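> Quick one: the structure is below, questions incoming.
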Ligand code: HEM
């Protein structure tokens, strides 16, 4: 079989990273946009001002685009399990089956059915019932995320299973344990807040760009403000859930935590936090450090006096725990530089987005609205449209690369999960095809989003809805 001197494993891993990162551009985008559209339609129901309905219709178009591209990329994602990761599918099938089936049958169907009805019934339902539909779409997409993360959390922290002595596969023993997995309840809020950040800043950023272009400025100022309010609250939610997750990771996956902090040995007490450092994974040293004194003790333990264990200590305990099963040669060190900088990108992204939200809200307030004159701010906010994609990807790099060398933590090493019968040539070929397909989908998304944006809203009408009178009613005749 052709293999071009390459091996299947790195190619399959590259494919998984590429498809997952690309797919996860659209997942938080559609969850987040469904929320902002639902908020706008609810404001229309409450305030009865036409502009909010126009906003919901306008941003609804961008939401529908992201949903469509998300479905296509999700299908590609599924192909890989059978093609490149058949050993993983065989091992995990019994665990994965139930959550993924429920996701497809309940959550995805709920979401897609209501999207279909919502799209075509603007004039057929009362505003209240039409708004209920978009909330159902939002509910469906959030429940969808819950089921997918149930499966993902099992891979990080397996619970409610036994290994069958006959087949060597993981068998579910408790569905309840799967659903009450602590990993899930740390991960789910963080991912969902991240999705709200994404939808909100996409809307705020695109609106800021239109304010910069001086097109339908009042419509886009209002849209931007709604986006920034939701975005700011979601940033706070991301930081609070991220803080809880940090301490959970420190206890459950100390190697991952050590790598995000770039520490090899137990730190001094109190521990400084490195804003920047150059880590050498071969020599296991860190140089050129820029540190904030005591900060790591505060981040890790919320107190001023605490030391933190490093990767070397984690490595010793992992060998003690798993050597009898997986041998002494297992390498438990994870890609330290990627995790270290990914964590700082995520933290800096949070600070930058929250700060921009505050500035944007301040300069666009109704009484002293000068946002149109703050050209620098509208440019920064426009660039922020892309910020959540970078922040989310950084987060996932930590979560998934920090799980090395396992595909299912403590149970199945990555090297044992790959398909034995796939050739490097086949994986290389699909890598190229998927890459081209993603390029086409991204261009399509970008082109149509830009077209819809530049076309602008159908109307920027700001007047309250007039109650329409039935010309044959009693009241009409008595006037
Ligand atoms: C705008 C702000 C943020 C966004 C959009 C974001 C997004 C994400 C995403 C998508 C993940 C991967 C999924 C997961 O494991 O939860 C993640 C992981 C993580 N995030 Fe964030 N994040 C943000 C801010 C923060 C902050 C401020 C902290 C720390 C206080 C933090 C701590 C973490 C940790 C520790 C992980 C890894 C968890 C694990 O491996 O289980 N995040 N983040």
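From the backbone N, Cα and C atoms, a Cβ is placed for every residue, glycine too.
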> Quick test of your reading of TrEMBL: among 400-424, 425-449, where does it put transmembrane segment?
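Range annotated as transmembrane segment by TrEMBL: 425-449.
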> In TrEMBL, which of 307-329, 376-398 is labelled transmembrane segment?
376-398
> For the annotation transmembrane segment in TrEMBL, which listed range does it cover: 167-185, 224-242?
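That would be 224-242, the stretch labelled transmembrane segment in TrEMBL.
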> Establish whether the number of Cβ pairs under 8 Å between the transmembrane segment (191-212) and the transmembrane segment (339-364) reaches at least three, counting only pairs separated by 6 or more residues.
yes
